[in-house]
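Inspection log for the structure reproduced underneath, given as structure tokens.
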Amino acid sequence: MLVFKSTMECSISSTIHVLGSCKTSDDVNQIHGRLIKTGIIKNSNLTTRIVLAFASSRRPYLADFARCVFHEYHVCSFSFGEVEDPFLWNAVIKSHSHGKDPRQALLLLCLMLENGVSVDKFSLSLVLKACSRLGFVKGGMQIHGFLKKTGLWSDLFLQNCLIGLYLKCGCLGLSRQMFDRMPKRDSVSYNSMIDGYVKCGLIVSARELFDLMPMEMKNLISWNSMISGYAQTSDGVDIASKLFADMPEKDLISWNSMIDGYVKHGRIEDAKGLFDVMPRRDVVTWATMIDGYAKLGFVHHAKTLFDQMPHRDVVAYNSMMAGYVQNKYHMEALEIFSDMEKESHLLPDDTTLVIVLPAIAQLGRLSKAIDMHLYIVEKQFYLGGKLGVALIDMYSKCGSIQHAMLVFEGIENKSIDHWNAMIGGLAIHGLGESAFDMLLQIERLSLKPDDITFVGVLNACSHSGLVKEGLLCFELMRRKHKIEPRLQHYGCMVDILSRSGSIELAKNLIEEMPVEPNDVIWRTFLTACSHHKEFETGELVAKHLILQAGYNPSSYVLLSNMYASFGMWKDVRRVRTMMKERKIEKIPGCSWIELDGRVHEFFVDSIEVSSTL
């Protein structure tokens, strides 16, 4: 506990020093009490020093104390008509505009104006910053009007602040009006507008302004904005490449933007060419290349680069794990996670866990799922976002709907994503009635379901044979929530009708769909035709499927099985022969089983068993 020695003179410097060493709000309150008791708090030099030293402190309890001192000993004691330098006011406005409640900056500006305190360009620029953070365009426009009434309108710095505010609030037209009316512009004016156009996808407008920009004003920010904008589109990568070549100087952002553009559009060799010759690389460079190789399926190339990295951070580990998960190397992803903890001593972030949990889910390792959940609880990760969704999904796919429900019930502020994950889990476990009840709960709580909610409920109804509930859900989606059905919704409805034996209704729905049915819907319908002995319809569907997706083995297998169910062995042999001639092979089934802490992998028609930790 921090205390003053009774014999110590409470000088201003020592007070500031002791305040700076405070670890908690209780420490600050104790010192505040002592300052009041000794009367030193009335010293304006001390209060000024406190405000200037701590108003923008990263320690909330110190920043709050500084603001409190300012309001109590400066604002409340201020006399109207008294001339006061706005410097101290600006320090507190800055504290609010960059802090957790930017609205206080606006209130403080109003207080300055009411009390006749001189307002300068720094006061206004800080309040414009607060308006930007709040998306409060109306407040920005009021300040814009105030500038015109005072003599500050011609200040280039404030004009640039207004452009930035309008762009941040999505008012591209207002920012361009502001830009066009400026009698004088600098590189900040041009760069702000160019960046605004790029972020809105208006690369042509950005290029027009870039070409109008005086050459002496163009700097790295200007060039990098244009390269980044062009690199986002497939037809703009080559233009970005030409701009990159024409740049008078390049920095790391220039190289990374160009590499990112190549990677995004699958041009990994071009990206590698730049990667090999660039003078300096950072973690972003390496992570971008790893991600690019992984997305193209070149996981081993990605791992080679990962192993070559001189320094790895969480982003690099996340990229490698995500690459493994995308390519279904789930065990390898878990090994990378283990290496991250044991070798690098890096702490995983939310993104790390959102990548790792689906890997565990795909392996179905309940023991590993429980261990990971305990780890998340121990490290006090927040489950209100994507992590909670991934945790529910993991338990559902690992076979424990009870654990999934416990996680779901323990999340206080549930978003629709949490409800969707729980409904999806209930669907996996064939608990259609519970899933439908959850939809009714969502309705009662006045939450807004989305298209994924209805995919989950329809899927659950399909697995549980709930025809009436499925039809009700479909109508609720369309009529009440005005959600246009997508292929997934139609697929679920075809499955619901087909499973119930309503082949004709399912056929009519397929024919009336406003979108072209995909092969999944046709295969669902074909399976139902086979099951319900609708031979003629099924044969037509199968032949259509083979024409539409001629190299998908499941279509041939379904047709063969249907012929077999009718004892048409000659036709079965004909389909099998067709598969051989076209070199179409069934994808072998694979299963995992966890035994004594090891996962064993089994493949159909294989006597070998692979195992891993």
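The count begins at 1 with the first shown residue.
A Cβ is built for glycine as well, from the same backbone N, Cα and C atoms used for every other residue.
What you are looking at is a predicted structure, and each value in this text was computed from that prediction instead of being measured.
Marked as repeat 'PPR 1' by Swiss-Prot: 85-119. Taken from Swiss-Prot, the feature repeat 'PPR 2' applies to 120-154. What Swiss-Prot lists as repeat 'PPR 3' is 155-185. For 186-216, the entry in Swiss-Prot reads repeat 'PPR 4'. Swiss-Prot lists 219-250 with the feature repeat 'PPR 5'. If you look up Swiss-Prot, you'll see 251-285 marked as repeat 'PPR 6'. Feature annotation from Swiss-Prot assigns repeat 'PPR 8' to 313-347. Look at Swiss-Prot and you will find 349-383 tagged as repeat 'PPR 9'. Per Swiss-Prot, repeat 'PPR 10' is recorded for 384-414. If you look up Swiss-Prot, you'll see 415-449 marked as repeat 'PPR 11'. Taken from Swiss-Prot, the feature repeat 'PPR 12' covers 450-480. Annotation source Swiss-Prot lists repeat 'PPR 13' at 486-516. Marked as region 'Type E motif' by Swiss-Prot: 521-596.
Secondary structure of the repeat 'PPR 13' (486-516) per DSSP (helix as H, G, I; strand as E, B; remaining residues coil): 23 helix, 0 strand, 8 coil. Across the repeat 'PPR 12' (450-480), DSSP helix (H, G, I), strand (E, B) and coil residues number 28 helix, 0 strand, 3 coil. For the repeat 'PPR 4' (186-216), the residues of the chain that approach it from at least six positions outside its boundaries are 156, 159-160, 163-164, 167, 172, 175-176, 179, 222, 225-226, 228-230, 232-233, 236, judged by C-beta separation under 8 angstroms. Panel annotation: around the repeat 'PPR 3' (155-185), residues 121, 124-125, 128-129, 131-132, 135-137, 140, 143-144, 147, 192-193, 195-197, 199-200, 202 of the same chain, lying at least six beyond its termini, place a Cβ under 8 Å from a Cβ of the stretch.
Listed as Cβ neighbours of the repeat 'PPR 5' (219-250) (distance under 8 Å, sequence separation of 6 or more from its ends, same chain) are residues 187, 190-191, 194-195, 197-198, 201, 203, 206-207, 210, 213, 257-258, 260-262, 264-265, 267, 270. Nonlocal intrachain contacts for the repeat 'PPR 11' (415-449), taken as residues 6+ away from its ends with a CB within less than 8 angstroms of a stretch CB, comprise 384-386, 388-390, 392-393, 395-397, 401, 404-405, 408, 456-457, 459-466, 469, 473, 476-477, 481, 483.
Averaged over the region 'Type E motif' (521-596), the predicted model reaches a pLDDT of 72. Counting residues per DSSP class in helix, strand and coil order gives 31 helix, 0 strand, 4 coil for the repeat 'PPR 2' (120-154).
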